[in-house]
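Chemist: Under the heading substrate binding site, Swiss-Prot lists 84, 127, 140, 208, 209, 210, 211, 212, 213, 214, 215, 257, citing sequence analysis as support. Feature annotation from Swiss-Prot assigns Zn(2+) binding site to 114, 117, 132; the stated evidence is sequence analysis. Summarising the annotation, Swiss-Prot assigns domain 'Nudix hydrolase' to 141-264 and lists sequence analysis as the type of evidence. Taken from Swiss-Prot, the feature divalent metal cation 1 binding site covers 174, 194, 235. Taken from Swiss-Prot, the feature motif 'Nudix box' covers 175-196. Among the features that Swiss-Prot reports, divalent metal cation 3 binding site is placed at 190, 194, 235. What Swiss-Prot lists as divalent metal cation 2 binding site is 190, and the listing cites sequence analysis.
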């Protein structure tokens, strides 16, 4: 999959003049009728409670910075919108930019102080890292690898729902990779833990950044081998086989979960394969 051209990440010098900025507070990202990117000079005059600033990349060639606020505040003519809403609608390249910004913001908030000694850290110029001088310790943004797998049995697909899902929605099985575990081992383990089913013919299908708050989703397809579905207590509210012509409400169109399902439906029908966003 080719790298997105409209949005590219970079470590920019916050001392450089000009450019645009996105603003994140505890209510999401600031936006107005023109979008989420504001001239840095204009933002400097808004008396915002800025906790930190980061140069995050280029959007259509324009340098973009991130202002992380101590809290969300009212700005005339503007509103706040959560990251998930940007994922569901609008320009996907903007969501990619904001997803990156959100992960940088999470990292900056969580590593203001050293976890070893408790002293304040400083940003390393030209590198996406915080530094504790006392412990000579570099602290990088956290990325949590996780897997998501669509298990199929001919014209049936195995879908499950978590108690956290919106009412009626089902999705593919997913879980986090454990230390010392390969992604493939994780798939087999999670499927067994969540529904007591054995799988075979595992195929990697693609990956997607999932900035809620810092996951990297590794997508797989697998075929059913054996076992009867037994949902994992407290984790899985319901799990069952669905015929491809009679599916329940599914995850958002731009999610890797939806892509895995749509890709299998296309494969069964001979339709063109969908494109995985991101």
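Each Cβ is built from the backbone N, Cα and C atoms, and glycine gets one as well.
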Chemist: Quick one, of the binding-site residues 117, 132, 209, which Cβ has the fewest other Cβ within 10 Å?
Modeler: 117
Chemist: Would you mind listing, in sequence order, the residues at least six apart from residue 215 (substrate binding site) in the same chain with a Cβ closer than 8 Å to its Cβ?
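Modeler: Long-range Cβ contacts: 143, 144, 145, 146, 176, 209.
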Chemist: If you count, for each of the binding-site residues 190, 194, 235, the other Cβ atoms lying within 10 Å of its Cβ, which residue has the minimum?
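Modeler: Selected from the binding-site residues 190, 194, 235 on minimum Cβ neighbours within 10 Å: 235.
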Chemist: Whole-number Å distance between the CA of residue 190 (divalent metal cation 3 binding site) and the CA of residue 117 (Zn(2+) binding site)?
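Modeler: Approximately 36 Å lies between the Cα of residue 190 (divalent metal cation 3 binding site) and that of residue 117 (Zn(2+) binding site).
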Chemist: Among the binding-site residues 211, 213, point out the residue whose Cβ has the most other Cβ atoms within 10 Å, with all shown protein chains included in the count.
Modeler: 211
Chemist: Do any residues, 6 or more residues outside the motif 'Nudix box' (175-196), come within under 8 Å Cβ-to-Cβ of it, and if so which ones?
Modeler: 144-147, 149, 151, 158, 160, 202, 204, 215, 218, 220, 222, 227-232, 235-236, 239
Chemist: In whole Å, how far does the CA atom of residue 140 (substrate binding site) lie from that of residue 117 (Zn(2+) binding site)?
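Modeler: Residue 117 (Zn(2+) binding site) has its Cα 17 Å from the Cα of residue 140 (substrate binding site).
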Chemist: Within 10 Å of the Cβ of residue 84 (substrate binding site), how many other Cβ atoms can you find? Include all protein chains, please.
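Modeler: The answer is 12.
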Chemist: Over the motif 'Nudix box' (175-196), what is the model's mean pLDDT?
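Modeler: A mean pLDDT of 98 is what the predicted model shows over the motif 'Nudix box' (175-196).
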Chemist: Run through the motif 'Nudix box' (175-196) and tell me, per DSSP, how many residues are helix, strand and coil.
Modeler: 13 helix, 2 strand, 7 coil
Chemist: Within 8 Å of the Cβ centroid of the Zn(2+) site residues 114, 117, 132, which other residues of the same chain have their Cβ?
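Modeler: Leaving out the recorded residues gives 113, 115, 116, 118, 119, 121, 133, 134, 135, 137.
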Chemist: Relative to the Cα of residue 117 (Zn(2+) binding site), which of the binding-site residues 84, 174, 194, 211, 213 has the closest Cα?
Modeler: 213
Chemist: Cα-Cα, whole number of Å: residue 114 (Zn(2+) binding site) versus residue 235 (divalent metal cation 1 binding site)?
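Modeler: Checking the Cα atoms of residue 114 (Zn(2+) binding site) and residue 235 (divalent metal cation 1 binding site) gives a distance of 33 Å.
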